[in-house]
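The feature active site, proton donor is assigned by TrEMBL to H517. Per TrEMBL, the feature AMP binding site maps to H517, N518, W519, S520, H521, D559, D670, Q723. Residues or ranges marked as Zn(2+) 1 binding site in TrEMBL: H521, H558, D559, D670. Residues annotated as Zn(2+) 2 binding site in TrEMBL: D559. Among the features that TrEMBL reports, domain 'PDEase' is placed at 440-764.
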Amino acid sequence: MVNSWFVENSARSCRQGTRCHKDATTSIDHLERRRESHPLCYPSRKHSGSLMERPSSTIPVKDWCDFLTVEKGARSPRSPHSQLSPRSPRALKAPQCSWQAGPCSRRASCDWMVELIGGVPNRQAVFEVCQRVLQHVCEALTAERCSFALVKEDSGGRHLSGTVFCANDDIFNNDFTHPSWDKCIMEHVVATGNPINIMDVYEDPRFSSGVDQNSLTRPKSILSMLVRNPREEVVGVVMVINKKPTGFWEGCVFSQQDEKVLVTHMSMLGVILDNAQLCENAEQESKRNQVLLDLASLLSEQHDSQESLLNKMAHAILPVTKAQLCSVFIADTDDMKSMETLNVANVAEQPGTELQSLICTPVRNGRRGTIIGVCQLVNKQSEGSGEMDVFSRADERLLEDFAVYCGLGLQNFRIMEAAEKTRAKQEVTREVLSYHISASKEEILALQEAAIPSAQSLSILDFGFSDFGLSDSITTQATVRMFLDLNLVQDFSIDYKSLCQWVLSVRRGYRRDVAYHNWSHAITTAQCMFAMLMATGDLQSQFSSLEILALMIATLCHDLDHRGVNNSYITRRSQQPLAQLYGHSSLEHHHFDLCLLILNNPGSEILSGLSQEDYRLCLEMIEKNILATDLALYMRRRSEFFHLVKGDKICWQDQKHRELLRSMLMTASDISAITKPWPVQKRIANLVATEFFAQGDREKHEFKIRPLDVMNRDNSNRLPDMQVEYIDGICSPLYEANLYDSCSPLLKGCEMNRKNWQHFEEGEESDE
């Protein structure tokens, strides 16, 4: 019948958060099996006169005795000291204790109890159901009173937890004052785990001393047992008191049938309590998940201070835990000793003391796991009554989760705070840097008012141009001439004073103590690009003015603030800020960032006349152009370019082809020193070797490694041979592509210098 009821009501049970049909049916089957294997036995009695025989039971006496210790006073009938004579079928029959059937008719299962299994929505309903069940048991067993208490099990063992419910045979006793012996007997059952059926409690030395003879609630017969859930876990203890006499005989005790009825009802009560616990757990988990979502949402928001963050987080947890106060204490240092969650009930027993119960747990740093603080909840309040309660294990879990979010929140806030400080420092650094790279008013005025020589007089149209012997003022004037002759000033409405200040600031952006990658290299690279653009009308006609502007800015800025070391050295020094900032092409990214700094520096904003879209496109092309000067990228991309040139497949409408050509032009300009006349080339090669050997020395000293041959000072006598390898591996393949005949002097110069380095190695130096 119970199984059928669960089949019919499984959908409703699942909607109410109770067990589904399968689990519930299994639980009931399990309970029925437990009743059959662990029945109760009848109590012993002290007789005067002839032996009385108990009515026979449908349950074998042997099985019942396995479950209950039968007691007369304090002794078991199985004890050798028992005074009870063996049962005999010939014994005289005494008048039996009659009873009136309760609403369940004392059958193997109770329809009224089964109806209760369907749904117990909350804790308050559980209290009410428990009282109704106790009243029902009183009626079914015709007892004066029935008491029930929940049992809690922790590291200290099992003990009564919370209120003891009580009902008598006609009313609920919410205000009933429980005598001390009441809890004493129930605690005994909980401690021993054994049910008891006592005929007369006054004859039991374990309890007789604690029973008040004059008490209005004077007990006599007692039937008590543990209440278990379907998993055989102890959840409560029940005690039925004083079997009511009916008829002429007042010596009634609880019979085997009473024991069986109580087992049946308590088994069902165990299911009811288990379902209620599942409902409560589901509700607590739902609330817990909502709290965690709220805490996660708070972590993603910005907060003025960590106090503001923690205050908002505390407000999220208080309503769920029913605590009066939530506090988070931040440690002054990170060397606090290890600690675990602490849950303390009855902190102070004195009346009027504010602190009643508390729970606290450590807050740990998310990255290192060190303890950085402690969070605590104080004074849990019972729902509804408002009385002080103790914090549960669910509260402990929630507070531990809260502590994790506190740790993450504090860590995140401190990271953001550090980031803000870093950003502020960077702004200050930018201001200082802008001040130091900005030219003086006198320099700006001098360049602004100077008569800019022609391109022919400056020889900047010649592929053999060299800045050796030219003053800084001449090279800056040559730079201005390039922008003028390419019509960039006119096409983009560049303020002439801004152009002069920008050129002077770029020159200041190069370090003077670097042997090769300095302002001289920058002006040489820009001049080569200018010469290629001016030597053929094809490039100027195919490229837009915006592309030409981006190329000229990139060539002048492509090595800003070069440190005299390459990317390999930067990468090895993983703690160096440049390596941490960029990862790959570190130097080129740094050069572009400084280029942006100067372009945005007040007074140097030569791109201020561009539209928003042109400004975005121009910066995008400048970045790609500067990154293209990383020879590692050039080596990866050049085969694609050679394939397009060889097959005459370059499509000017294809933006990828245009970007690839700009990249190759940047590299051709960057390495153009190899095409210069022999005296210039030999001098530049020595400057490059000086810089490379200095890096090799630092690698030997700092990293304890053998540097590359080209950077090893021990190979200084192999400079001619290494130059030939450099020409064959890097330079010649690019210049041989020879997209435009007007740029052929670059290839001729490269080939001539290869011969010169071979002759130099053989001791036959050329004067060409």
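Cβ atoms here come from the backbone N, Cα and C positions, even for glycine.
Automatic prediction, not curation, is the source of TrEMBL annotations.
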Using C-alpha atoms, which one of the binding-site residues H558, D559, D670, Q723 comes nearest to H517 (active site, proton donor)?
D559
Between the recorded positions H517, H521, H558, whose Cβ has more other Cβ atoms within 10 Å than any of the rest?
H558
For D670 (AMP binding site), which residues of its chain lie six or more apart in sequence with Cβ-Cβ distance below 8 Å?
T525, T555, H558, T629
Per-residue pLDDT averaged over the domain 'PDEase' (440-764) comes to what?
93
In the chain carrying D559 (AMP binding site), residues 6 or more apart in sequence that have Cβ under 8 angstroms from it:
Y510, H517, N518, H521, A522, T525, L587, H591, T629
Return the residues near W519 (AMP binding site) by Cβ distance under 8 Å, restricted to its own chain and a separation of at least 6 in sequence.
D472, T475, R507, Y510, R512
Around the Zn(2+) 1 site formed by H521, H558, D559, D670, which additional residues qualify by having Cβ within 8 Å of the site's Cβ center?
H517, A522, T525, T555, H562, T629
Which site among N518, S520, Q723 has the most other CB atoms no more than 10 Å from its CB, taking these as binding-site residues?
Q723
Over the residue list H517, N518, W519, S520, H521, D559, D670, Q723, recorded for AMP, what is the maximum interresidue Cα distance in Å?
23
